[in-house]
Amino acid sequence: MRVATQLRVGIVGGGWNGCHLALELKKQGHRVSLFEQKPDIFQGVSGNFGIRLHKGPHYPRSKATRDSCREALVKFCETYPELVVHHESAIYAHGEADALGNPSKVSDEAFRDVCYESPECTAVDPKANGFQGLISAYNLDEPSVAIGDRLRNTFKEKLGRAGIYVHLNATVDRIIHTEDTNRIQTGDGQYVFDVVINATGYTSLLPQNIADALPVDIGITYQTCIALVYEDQQPQEKPLSFIVMDGWFPCVMPAIDTNEPLQKKYILTHGSYTILGSFDRHEEGQELLDSLDEEAIAARIKPHCEREITRFWPGFLDRFQYRGWKGSVLAKLKTTSEFRSSLTFEKDGVIHIFPGKVSNVVTAAEEVVPLINDIARRRHGVVREWNGVRFTVSSAFHTHSKEIGDKPGLGEHHTSNLQTYVSLVTAN
């Protein structure tokens, strides 16, 4: 549906949220520009890590996240079918004890129930499939999303076909708010927009004291995360995924970055060993990431991760060979239930998106649209509002506000200061 009022929209951040929103808002008739500080789009976690298109069991303690995942998954697959990677198997396993010897954070009954929220779920015999140390395991029809060049090339074609200009190597220093516009300040100058969308992964350009203004007192941490890269020596026509739940357990995901058959690239992550630090500021997490090198990863991280995966999948290292590592800094909500859906809000004409799971880009966009329409109404509609009072754009409140607010001084020779009767009575 195209909108009655065409707005100039500037989007900062060329990851999943930024690129998807650019396409959706262009379809609605807005003029859209995209700004990415790196040399290419999808240079963060969404373009480099193997990413699950969640059906929900990953979050057994957050029904809200599971419901959001299932709702968003259907819409995502309908929107980007060419980027959906279907799996031979997607195993969710319930571990006996995590890396610290602790039991799972959920009971086996609860774990089974959340897996069977997906109607195609089937129970798997762990030992018959080469696994150990598991209470139970289930196979779901759960895909992942393509990454790397396959993802970038798909979106470059889509953005180009839509006529959306992408500013690369464009670091946005600040967003300047005025009464009717927002200006994006880069090293090349200023760009004027009606609406700016901050899709930087909640890492920059945030309003001062925004935590105090939000309707919920949310906790945020910035985590330095890495993934170990492996090559499958026995590639199949379709890839597989394997995760142990719920606590400090390992996970294996495919990292599909081409359309070639028999994909070999996988990543190994862990609930604790590949989350290397949690910080109050993104910059602190980036400092840790920048300090890492292959020697540090090989000596301090890789042995723990391989010990953990082989506790549950003894044949892993016989099939997969280590090829390196990659890292990123991610914003994460601090919640007891591990809530992971996105949050979207607007302040001063800037819409900010706190990222959730990749499929949440669809639902985040659905929230952005009414926020943009509300901005259009406030700035370009026929009704204005001030402190709860509404009036039309033809009202003198709007057209002559300065003039009607300019009041005469006390005692000034002015009709509004006349006291004629009192003066006549006094004179007599």
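From the backbone N, Cα and C atoms, a Cβ is placed for every residue, glycine too.
Copied over from Swiss-Prot:
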{"type": "BINDING", "residues": "Arg52, Leu53, His54, Lys55, Gly56, Pro57, His58, Tyr59, Pro60, Ser328, Val329", "note": "FAD binding site"}
{"type": "SITE", "residues": "Tyr421", "note": "site 'Important for catalytic activity'"}
What count of other C-beta atoms do you get within 10 angstroms of the C-beta of Gly56 (FAD binding site), across all chains shown?
24
Could you state the whole-number distance in Å separating the C-alpha atoms of Pro60 (FAD binding site) and Tyr421 (site 'Important for catalytic activity')?
81
Sort Pro60 (FAD binding site) into helix, strand or coil using the DSSP assignment.
coil
Let me check the 10 A CB neighbour count of His58 (FAD binding site). How many other CB atoms are there?
21
Counting Cβ neighbours within 10 Å across all chains shown, tell me which of the binding-site residues Arg52, His54 comes out on top.
His54
Under 8 Å Cβ to Cβ from Val329 (FAD binding site), same chain, six or more residues apart: give me those in sequence order, or none if nothing qualifies.
Thr203, Tyr222, Gln223, Thr224, Cys225, His282, Gly285, Gln286, Leu289
Where does Tyr421 (site 'Important for catalytic activity') sit in DSSP terms: helix, strand, or coil?
helix
Counting every protein chain present, what is the number of Cβ atoms, excluding its own, within 10 Å of the Cβ of Pro60 (FAD binding site)?
26
Let me know the largest Cα to Cα distance in Å among the FAD-binding residues Arg52, Leu53, His54, Lys55, Gly56, Pro57, His58, Tyr59, Pro60, Ser328, Val329, as an integer.
25
Between His54 (FAD binding site) and Tyr421 (site 'Important for catalytic activity'), what C-alpha distance do you get in Å?
81
